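In what follows, a structure is listed as structure tokens, so that the remarks can point back to it.
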């Protein structure tokens, strides 16, 4: 029987508030069994970029990563945010080890092909080096991934943290029974965005298609849900979406996705 | 018989020049057997600090690390410098994994006690968690340490990279036959600082004391040499000092230190 592995992705809103982050890291540290944390960068990268006089370049509303803004991403994601999370997890007796996709050759990517837009140093995930990650996990380390990948030739890339979490979950599922947790500011996928308590507790593929068709899943939830079902269709056992209280054992008020 | 472990410390001058760094990383990747890299931050931290409007505070000529300059150190050392080194080593087929002292709880430190000067967030090394580092090495990872430590309670510290290298070498010597390499801009310890080729090829404890007494070892070399002999007196097998060509097999024109 495969061993269980929990992969938790935390986003900007949680990271930006010290108290929320600390609360969440404490809950994460208590998850039993093997686990991996994946984090985004939050607004800190934009803030520091602005102070350094590096403007976030946008084309058609999409963010472009040039060499300078990649440096800022590396400093903030792999430096400031990652190391503070690692140091805090160590304080909660969780043997965290901070990683980018280059560390341990964990996540190989290639530059996103130029179609209408050249996104710059943005990487699309090519493969997960699951054996290396598995070696870390089995040696009782808890990998903490920031949203950076590499091409194996010395180039780092900016990569969406939701995508990294999904690809890690898929890659690790050959060896582990994997549950993917997406932690964000809402209690789950909502029936009505005006009602914070209208959490849809269970969504399977059929219901997902219905929710897509009637427009309940829209905007920012579209790529997130796409990542979830992509993961489920590639051997990930279960995906959960909710706020940090999703990690409390007594709480079941979040969204669980299965095929 | 103990397995061999090479620990290489590289400093600012090498890091600041892309070509020198690449040359050195290629040589490092070819070192046979287990190895660890330790790097400083170079002038990049001062540069970025200045651009961010964070002045390097000095008291009696000693640098003070306040909360803001610690953040810059974390961003530059653990982020920018560490990840670029890791990505480059991966390109040379060396399975590097970037670390601060918090990652894998590798290096525990405490805030430097306040005597005449409060250095701020500067850590004095307390202990090396050699078992965790050894687990990484045995799983064929090559740890790449930046000059940061932690206190186990969530606080990161700035710590001198030479000291980290020496303490790592000491800590790992219980399990490995350890050689410590200090790579800097000169060919070795010089008889005369005016003559770049006056390399003293071998220094033992007796000669060290003589060189101290006659003033040959002075200024910046004093703490470096102190670290070297401190390491040798705590079970490190050998210490070598020289420029990056020290890693070339055919070269013997550098300084070797033994007890």
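Count begins at 1; order follows the chain as displayed.
Every residue gets a Cβ built from N, Cα and C, even glycine.
As recorded in TrEMBL:
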BINDING   B:41, B:42, B:63, B:158  substrate binding site
DOMAIN    B:5-242  domain 'Aspartate/glutamate/uridylate kinase'
SITE      B:9  site 'Transition state stabilizer'
SITE      B:224  site 'Transition state stabilizer'
Cα distance (Å, whole number) from residue B:158 (substrate binding site) to residue B:9 (site 'Transition state stabilizer'):
16
Are there any residues in the same chain, six or more apart in sequence, whose C-beta is under 8 angstroms from the C-beta of residue B:41 (substrate binding site), and if so which?
B:12, B:15, B:73, B:76, B:77, B:81, B:146, B:147, B:161
Out of B:9, B:63, B:224, which of the recorded positions is least crowded by other Cβ atoms within 10 Å?
B:63
Far apart in sequence but close in space: which same-chain residues, 6 or more away, have a Cβ under 8 Å from residue B:158 (substrate binding site)?
B:65, B:69, B:70, B:73, B:121, B:122, B:123, B:147, B:148
The domain 'Aspartate/glutamate/uridylate kinase' (B:5-242) [mean pLDDT, rounded to integer]
94
Sorry to bug you, but what's the C-alpha spacing from residue B:63 (substrate binding site) to residue B:224 (site 'Transition state stabilizer'), rounded to the closest Å?
18
Using DSSP and three states only, what is residue B:41 (substrate binding site)?
coil
